[in-house]
Amino acid sequence: MAELKLTNVGKVYGGKVEVLKDINMHIATGELIVFVGPSGCGKSTLLRMVAGLEKITSGTLEIDGVVMNDVPPSQRGIAMVFQSYALYPHMTVYDNMAFALKIAKKSKSEIDAAVRKAAGLLQLTDYLDRLPKALSGGQRQRVAIGRSIVRDPKVYLFDEPLSNLDAALRVATRIQIAELKESMPDSTMIYVTHDQVEAMTLADKIVVLADKGIAQMGSPLDLYERPENEFVAQFIGSPAMNLLHGTIKGTGKQTEIDLTHGHIAIADIETQAAEKGQEVNVGVRPEDFRIAEEGEHVFFEGAVDYVEALGEVTLLYFKAEGDADPMIAKLPGTHSDLRGQTVKLTADPARVQVFHQGLSLRTR
Amino acid sequence: MDNIAGTKSSLTWAVNISVVVLVVLWLFPTLGLLISSFRTADQIATSGWWKAMFPSEQNLVLRTGDPDDERVERDGVFVVEGNLFATGSEAEISVWGTSSREISAYEAGETADLGDGETMTVESNGDYVWTGDAEQLTGRGQRIFATAVTPPEFTLDNYKTVLFSGSPTDNMARAFFNTLTVTIPATIIPIVVAAFAAYALAWMDFRGRALLIAVIVGLLVVPLQLALIPLLKLHLGIGIGKGYLGVWLAHTGFGLPLAIYLLRNYMVGLPRDIIENAKVDGATDFQIFTKIILPLSFPALASFAIFQFLWTWNDLLVAKVFLIDASGETTVMTNQIVELLGTRGGNWEILATAAFVSISVPLIVFFAMQKYLVRGLLAGSVK
Ligand SMILES: Nc1ncnc2c1ncn2[C@@H]1O[C@H](COP(=O)(O)OP(=O)(O)OP(=O)(O)O)[C@@H](O)[C@H]1O
Ligand SMILES: [Mg+2]
């Protein structure tokens with residue numbers, strides 16, 4: 001039941017270190033927003049500013065139309081789940097979950113009902129009398145989440161909540177969070193993560209933070225299929241998108257690009273005649289490459305340097321020219337026999353991206 | 001690898017040996033004091049405390065019962081029977097004699113012929129039978145020189161003297177309670193003040209915080225003696241005078257820098273997320289302090305409490321300056337022991353007992369709280 005609005009929000013630490021500037025975003029009620037970005041780009045800082053744990057140095061934060069810049073954390077209607085769980089080590093699970101309600105001077109029966117309901121939702125009923133040190137990592141994480149549910153906040157803030165869990169538990173807890181979100185369609189959530197899968201599966205909208213600002217904001221598939229710039233193109237998706245240097249040769253409904261290494265790339269992007277001769281980077285995702293059949297247009301040709309067979313897919317690494325990143329192609333099935341051979345690759349023009357000065361021609 | 005293993009084991013040896021040395025250094029004097037406090041002045045004068053634990057062989061001069069009172073006539077001879085020792089004694093006679101020149105003339109159980117039909121039998125447990133005619137068994141009892149092994153013997157008399165006699169010079173009881181009156185508030189007040197200060201210095205943002213911390217670290221190295229006279233003048237000037245309030249304030253002041261420093265370092269090490277989470281949960285600074293910080297800082301609080309308690313318990317200087325006046329009503333144990341050294345300088349048993357009374361409470365405190373001491377000291381350094 002809450003919408004958030006950030007207007008020109010900025011953060012300067014100690015009057016010198018500028019971490020974020022001019023962040024503008026609008027988060028609608030019931031949305032789950034995921035912040036991603038390279039380490040140190042200010043994801044936690046932005047989240048903590050929303051929580052009120054960090055002062056907002058410029059701009060305004062509104063929750064439901066009320067400016068929250070100077071409102072203390074407890075009165076913003078938010079709850080936060082920390083990466084380290086931050087459970088109170090000397091209190092039982094029950095007391096951990098009841099703490100906020102006791103502070104708020106709720107009645108005993110009300111507290112009990114809220115705690116038991118949250119515990120039931122997260123399968124914690126059997127552990128209510130335990131101390132945090134007697135719980136597994138996953139159970140601790142659920143207590144941390146339960147502690148936030150109990151307060152019935154308008155906005156949930158998660159800072160890398162699953163990063164301390166092992167892979168299997170991460171998947172299980174991720175699904176639990178998704179179910180939780182489904183059961184509370186009105187609550188707004190902001191979720192910080194490093195994990196692409198988490199971002200892609202959970203998010204209604206992903207915000208990619210980079211270079212003190214927002215690189216792109218949009219639905220997961222939007223970011224994957226129509227990245228606005230080279231940074232987002234390479235950040236979303238794994239392995240990262242291949243970038244090949246070239247110049248525009250043919251314009252019109254389709255664009256032809258003369259690649260530096262000798263072949264020609266075709267993209268379903270409309271260009272004007274005036275753009276002919278511009279230097280561009282052509283972006284192709286490894287999974288969009290396939291082996292060219294006889295007579296098909298060849299996009300790239302090279303000797304396979306190294307093969308990683310993962311079972312369902314095979315990754316081909318090609319010799320890099322100069323200090324460029326190696327080209328990677330991801331082919332379905334097993335192709336262990338390709339090592340050392342010269343392979344011809346092609347790609348669907350509809351899935352080829354073209355960037356001029358870092359910005360995509362497709363989304364301009 | 002061999003090298004590393006070698007240094008490791010020799011290091012372990014060094015550690016073990018120094019632990020043993022420390023334990024011995026600590027244990028022997030303490031034990032000696034404890035044992036001496038249960039011995040009489042004579043025992044202390046004749047043998048060392050380490051001999052008190054074992055049975056000792058002694059040459060005794062004993063006397064039989066007086067024939068005039070105790071002799072009975074049996075079959076024409078007179079007999080005196082009885083036991084040489086007071087009831088309850090467990091001494092065991094090995095050899096004996098009736099003259100000081102020959103104290104080991106007979107074995108225990110042997111019958112000695114004292115001439116003209118007079119005989120004497122002494123059993124090892126001290127039972128004797130003395131027979132003779134009416135003339136021989138007259139006057140005082142016969143002297144018996146015996147070599148006997150006596151079991152260890154301890155007495156509570158010293159403690160009676162020191163604690164319950166009520167004599168003004170020997171009395172440790174009053175000094176004991178005076179010391180408690182000084183120590184308990186002088187431990188609690190600085191801890192309470194320091195805990196608040198440490199929380200503020202660790203977790204609250206305010207101007208000049210770094211400077212304040214620096215000042216406190218600086219105060220750590222200021223010698224206490226420097227402040228004695230000015231402080232006393234101040235106390236006299238503002239009307240506190242000499243007394244408990246003055247000594248509490250003084251101990252509080254002298255203890256605070258270390259207390260704040262230790263507790264702040266401990267509290268700073270508590271996870272930031274926990275405190276921030278409590279803030280999000282709506283707790284005020286005071287609630288965070290009482291509900292989160294204090295329970296989590298218990299090891300540090302306890303270890304500082306032990307230090308402060310021991311230091312104020314054993315303190316003489318501060319008590320002399322700020323507390324003890326001419327009336328002597330407020331004397332503390334350390335001072336009382338100093339006075340005993342003057343009045344009872346030769347009475348080792350009294351001195352040992354007084355000293356043991358004064359170390360008993362620190363010993364109890366130490367053993368009851370030692371796990372917090374270790375934990376508190378380690379907690380800051382090891383994550
Ligand atoms: N108190 C501070 N003073 C100065 N700079 C700070 C402070 N806290 C954080 N920073 C800087 O702000 C930047 C953003 O930090 P932040 O913790 O938000 O990164 P993040 O995106 O969450 O990174 P990660 O993914 O590694 O968690 C970092 O470069 C960091 O060095
Ligand atoms: Mg972070």
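The backbone N, Cα and C atoms fix where each Cβ goes, and this holds for glycine too.
Copied over from TrEMBL, here are the features:
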DOMAIN    B:176-369  domain 'ABC transmembrane type-1'
TRANSMEM  B:12-35  transmembrane segment
TRANSMEM  B:182-203  transmembrane segment
TRANSMEM  B:210-232  transmembrane segment
TRANSMEM  B:244-263  transmembrane segment
TRANSMEM  B:292-313  transmembrane segment
TRANSMEM  B:350-369  transmembrane segment
Q: Mind checking which residues of the chain, 6+ beyond the ends of the transmembrane segment (B:350-369), have their Cβ under 8 Å from one of its Cβ atoms?
A: 30, 33-34, 36-37, 44, 158-159, 161-163, 170, 172, 176, 179-180, 302, 305-306, 309-310, 313-314, 333-334, 336-337, 340-341, 344
Q | the transmembrane segment (B:292-313) vs the transmembrane segment (B:182-203): 3 or more CB pairs under 8 Å | A | yes
Q) What else in the chain is close to the transmembrane segment (B:244-263), if you only count residues 6 or more beyond its ends and a Cβ gap under 8 Å? A) 181-182, 185-186, 189-191, 193-195, 197-198, 201, 216-217, 219-220, 222, 224, 227, 231, 235, 297, 300-301, 303-304, 307-308, 311-312, 315, 318-319, 321-323, 330, 380
